[in-house]
Amino acid sequence: MPCKGSSSGLRRWLTFTTGLLECLCFAGAVFGWASLVIILRSEGYFSSLCVNNTAVRATGPNRTQDEHFSLVFTITSFASNFLSFPSGVLFDWVGTAIARLCAICIFTSGTLMVAFSTPALSVLLFPALSLMGVAGRMYLMTNLQVGNLFGARRSTVITVYTGAFGSSSLLFLIIKLLYEAGVPLQSSFLFLSACSVFLVFRTLFLLPLKRIPYPLPEHYTYGFRECLWSSFFFWHLLWLSVIQLRHYLFIGTLNPMLQRLSGEDQSVVSQYSNAFAVTQLCGVLCAPWNGLIMDRHQAKLKAAELRAVMLSLTLTSLFCVLFSVCAMIPVLPLQYFTFFLQVLNRAFYTGSDAAFIHIIFPSCHFGKVYGLIKGLSALLSLLQYPCFILVEDILNGDPLYVNIGLTVLVLVIFIHPVSVYIYCQRLALRQKQIKVNTVSC
């Protein structure tokens with residue numbers, strides 16, 4: 001596919017809309033886990049771990065069953081992030097087409113595993129959801145370059161895609177509603193497997209064999225090794241790791257929390273889990289705000305791309321603090337507002353993450369840097385399972401102290417936008433001195 005200058009408008013917009021549909025329907029589906037858990041529980045997955053299966057179905061899930069569901073999501077979120085680095089290396093090495101075909105095979109394998117899993121084969125959920133998560137990240141990674149086709153609106157397109165990635169968790173709610181209407185779980189996942197035909201068609205006819213190019217800023221000439229040793233890489237890694245841990249722990253423990261706050265009322269749990277899933281759809285509506293903020297400030301301040309991304313990082317950090325504070329207040333109706341803050345923060349942090357890497361590091365290294373940061377951040381996300389065990393087995397189901405600790409940890413991420421601000425001030429001062437010296441000469 002040629003660059004924007006020679007690419008037809010129709011093809012560019014067709015590429016954009018089909019990419020949006022792909023991210024919205026497949027890329028982040030695994031983060032709708034809270035909806036899928038309800039189906040799996042009613043089907044009796046991991047029920048062999050219960051002492052009395054009949055009693056479990058009548059009175060609700062037992063702790064061992066919940067622990068295994070939490071472990072599935074922990075491993076899935078870890079794998080989808082940790083394996084982003086080899087995925088990014090693969091993307092930079094072999095190009096778009098081959099990387100996407102690999103992703104399609106991985107995603108299809110995952111959906112087929114779920115389709116043919118049974119309560120007796122509950123263990124299949126571990127590789128199945130992990131494969132879907134890894135492939136979903138690759139879908140997002142290969143679609144972010146579409147922003148290169150839209151010039152000054154590049155950041156907006158990137159954040160729209162990352163917002164759609166967050167909203168794709170709605171897919172499992174749709175599957176849940178279909179299940180309640182009588183459509184078997186197997187049929188839904190077989191249909192998802194068949195959708196691979198659409199993904200292959202789009203890969204072959206609407207995306208390049210290698211990459212969609214974008215010109216590099218003149219002052220970003222250092223290689224990959226220097227990227228890793230930069231302070232920006234370290235602070236961005238810490239920033240992303242803490243925010244992801246907060247979100248993953250919230251999603252992974254959402255059902256037990258709703259069980260506790262509702263007094264084990266399954267209808268209330270279903271109502272709130274549906275509300276959470278529907279709220280995720282707002283991600284695709286919230287994410288463009290972040291992109292518009294960055295594009296607008298870049299247009300106004302010209303060379304101040306870093307200031308624009310600093311504003312985005314600051315807003316994202318603020319939303320994360322508000323979300324974390326609301327999440328630790330044990331009031332059930334308040335969780336509606338918590339859901340909104342969660343999806344707003346998620347839309348901003350996924351967009352800020354990709355946009356920051358696009359702006360700071362050379363695009364020829366985007367896949368490797370993006371994947372490595374995701375992979376390293378996955379190590380911290382593994383803490384969600386010990387946190388779950390700590391709450392359920394030691395704190396008797398009361399997550400207050402864990403939530404307070406996470407909220408304090410979230411405050412640390414403000415160091416990242418502050419470091420960007422300091423760098424911006426130094427860069428502006430340096431440019432001013434160069435200008436004065438030039439005039440003097």
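The backbone N, Cα and C atoms fix where each Cβ goes, and this holds for glycine too.
Under the heading transmembrane segment, TrEMBL lists 20-40, 69-91, 98-116, 122-140, 160-179, 185-207, 228-249, 308-332, 400-424.
Below 8 A, the CB atoms of the transmembrane segment (400-424) and the transmembrane segment (228-249) form 3+ pairs separated by six or more positions in the chain.
The highest tally of CB pairs under 8 A with the transmembrane segment (98-116), across 20-40, 185-207, 308-332, is held by 185-207. Remote same-chain residues near the transmembrane segment (69-91) are listed as 30-31, 33, 37, 40-41, 45-46, 61, 98-99, 102-103, 125-126, 129-130, 132-134, 136-138, 141-142, 244, 248, 251-253, 255-256, 366-379, 381-382, 384-385, 388 (criterion: CB distance under 8 Å, separation of at least six residues from the stretch ends). Of the candidate ranges 20-40, 122-140, 185-207, 228-249, 308-332, 20-40 contributes the most Cβ pairs within a distance under 8 Å of the transmembrane segment (160-179).
Residues of the same chain lying 6 or more positions beyond the ends of the transmembrane segment (308-332) and with a Cβ under 8 Å from any Cβ of it are 155, 239, 242-243, 246, 250, 258, 261-262, 268, 272, 290, 293-298, 301, 338, 341-342, 344-345, 348-349, 351-352, 355-356, 359-360, 399-400, 403-404, 406-407, 410-411, 413-414, 416-417, 420-421, 424. Packing against the transmembrane segment (228-249) from elsewhere in the chain are residues 73-74, 77, 81, 313, 316-317, 320, 323-324, 327, 342, 345-346, 349, 353, 356-357, 360, 369, 372-374, 376-377, 379-381, 383-384, 387-388, 402, 406, 409-410, 412-413, 415-416, 419-420, 423: each is 6 or more residues past its ends and has a CB under 8 Å from a CB in it.
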